[in-house]
C-alpha cells in the first residue's frame, strides 16, 4: 500500500497572521517561541492624502505613541509658563516649532518600525509587506505594493487587521480633510483647526493642538466620549473650554470646500444643526475628522472561508478563546465584537492565544477591569464601570459614589486649575462596598490608575482604600481619604493640597 498518496499536503506555515500591529506581532513572537513556522502579512493602505507608514500598526505609527509624545509637547509648554512662578526667567517669546516636533516624533517611530522587523527576523518569523486576502480553506493570497501575488497555506490563521478612521461621506471630506492617520506626520503646522467628533481621539488631538498654541474648535454631534463615564467626560469638556478650546455642539458638517490651496490652505466648512434646519459656516486651515473607526474586515476575503462578521459594524464575533465560527481562524484586537479597543488588550490576547494554541496553556484573556487613560490636557484615567453602567447593573440604591476635587501641589504656586482635578470611586453596597469603578481626572492619571487597576483585580473594597495610608503630597493620596458621597450632596471643594 502506498501511504504517501493518503497523506494530506503539508501547509506552508503553522500560523499566518494578517496584520502587523501590536496584537499580531505579540502573537507572532509568542508562537515563534514554540518553534512554530509563523508568517506576518502587513500592509498599509494609504490614506486619501497618501499617508503611509511602517510595521507596527496604529498604536506605534498613528496612535498611542505619537499622540502621547505630542501631548507631552503641550505639557512642556504649560510647564514653561508655570516655571516663571518658580523663579525661572523664561523669555516671553517662546515659540513652538511644529516641523521640529513632527520630525523628532517620526524619527522615534522609524526606530520602532526597524526594531519590530529585527525582532521578527531574530525569532525566525517571516514578514511580508503584502495585503492578505483569504481565497479558500487554509489558503491566503498575499499582494505586495507592486501588485505581485503569492498564495500561501497555513494550518491556522489569526486576523489582527485593526481599524482605520471613518470619513463623513460628504462633499470634500476625502479631498480636503485629514484624519489622525495624517496628523502626526503632517509636514506643516495645521494652523486654525476644526476637529470633528467627540471621541477620545478627537479630544486628545484638540487638546495638544491647543496646547502648542493653535486656535482649535471641536464640532460635536451629541455627547462627549460616548461609552465613558459622562460625569468625567463633561468635566473634561469644561476644562478644555476654560483653556480656550471652542465647542460647537449639536452640529455636523455637510460640506467642506477649499477656498485657497496651501500648507495649510483655507477651507470653508458648512454644518447643519442636528435638531433644527439651522446651518452655519466657518473658515479653517485644517479640518481633522475623528468621528470613529471602522474594522478592516470587509476586503480580506472572509466570505471565501465563511467567517461571520457583524454586517453593520464589520466586527467579528468570537468565543472566549478568540475563535471565529471557522475553527482554524482566530481574531484579536480592535476588530472583535463587544471587546475593548486598546493596544495592551490586543497584546495580551495575542500572547495568551499563542500560549493556548502551542504551549498547552488554558489561560484566557480577561476583558474585565481593564484600565485606560484619555490623554486630554487634564488626563482621565479609569478602570472598571462608569457610574451609569454601575447603576444599570446593580440599581441606583445599591451604588455608592465617593468623590472629591483636589488641587495638585505643583499647581498652587502658579495658582492655576484650582478644583478642576477630580477623583471618584464607584462602590457596590451589596458586595461589601467593593470598588467597581475607579475614575481620576488630573496630571499623570495613567500612572495613578495603573496601580489601582491591580487592586481592583484583587477585589478592592472601600474599607481597604480607607485603611491605606497615603503618600504625601501626591495626587493619588486623595483616594485614601474619600469621605463624601455623591448622594449626600456634601461639599467636595478643596482649599489646598492638604485638603
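Glycine is no exception: its Cβ is also placed from the backbone N, Cα and C atoms.
Annotated FAD binding site per Swiss-Prot: 22-23, 42-43, 58-59, 63-67, 131-132, 161, 200, 334, 341-343, 472, in sequence order. The DSSP secondary structure for residue 66 (FAD binding site) is helix. The Cβ of residue 66 (FAD binding site) has 105, 109, 184 as same-chain neighbours under 8 Å, each 6 or more residues away in sequence.
The feature disulfide bond is assigned by Swiss-Prot to 59-64, with similarity to another entry given as support. All protein chains considered, the CB of residue 64 (disulfide bond) has 18 other CB atoms within 10 Å.
Among the features that Swiss-Prot reports, N6-succinyllysine is placed at 68. For residue 68 (N6-succinyllysine), the same-chain residues that are 6 or more apart in sequence and have a Cβ closer than 8 Å to its Cβ are 375.
Look at Swiss-Prot and you will find 131 tagged as phosphotyrosine, backed by similarity to another entry. Residues near residue 131 (phosphotyrosine) in space but far in sequence (CB under 8 A, at least 6 apart, same chain), listed by position: 41, 43, 45, 142, 143, 144.
Under the heading NADP(+) binding site, Swiss-Prot lists 166, 198-204, 221-222, 226-228, 292-293, 315, 341. Residue 203 (NADP(+) binding site): 26 other CB atoms within 10 A of its CB, across all protein chains. DSSP classifies residue 203 (NADP(+) binding site) as helix under the three-state reduction.
The active site, proton acceptor annotation in Swiss-Prot covers 472.
Of all Cβ atoms in the protein chains displayed, 20 besides its own lie within 10 Å of the Cβ of residue 43 (FAD binding site). Residue 315 (NADP(+) binding site) has its Cα within 10 Å of the Cα of these recorded positions: 334, taken from 59, 132, 334, 343. Using a 10 Å radius centred on the Cβ of residue 222 (NADP(+) binding site) and all shown protein chains, the other Cβ atoms total 11. Annotation note: residue 132 (FAD binding site) sits in a strand segment as assigned by DSSP.
With respect to their backbone Cα atoms, residue 63 (FAD binding site) and residue 222 (NADP(+) binding site) stand 24 Å from each other. Taking CA atoms as the reference points, residue 200 (NADP(+) binding site) and residue 64 (disulfide bond) are 11 Å apart. Within 10 Å of the C-beta atom of residue 132 (FAD binding site) sit 24 other C-beta atoms, taking all shown protein chains into account.
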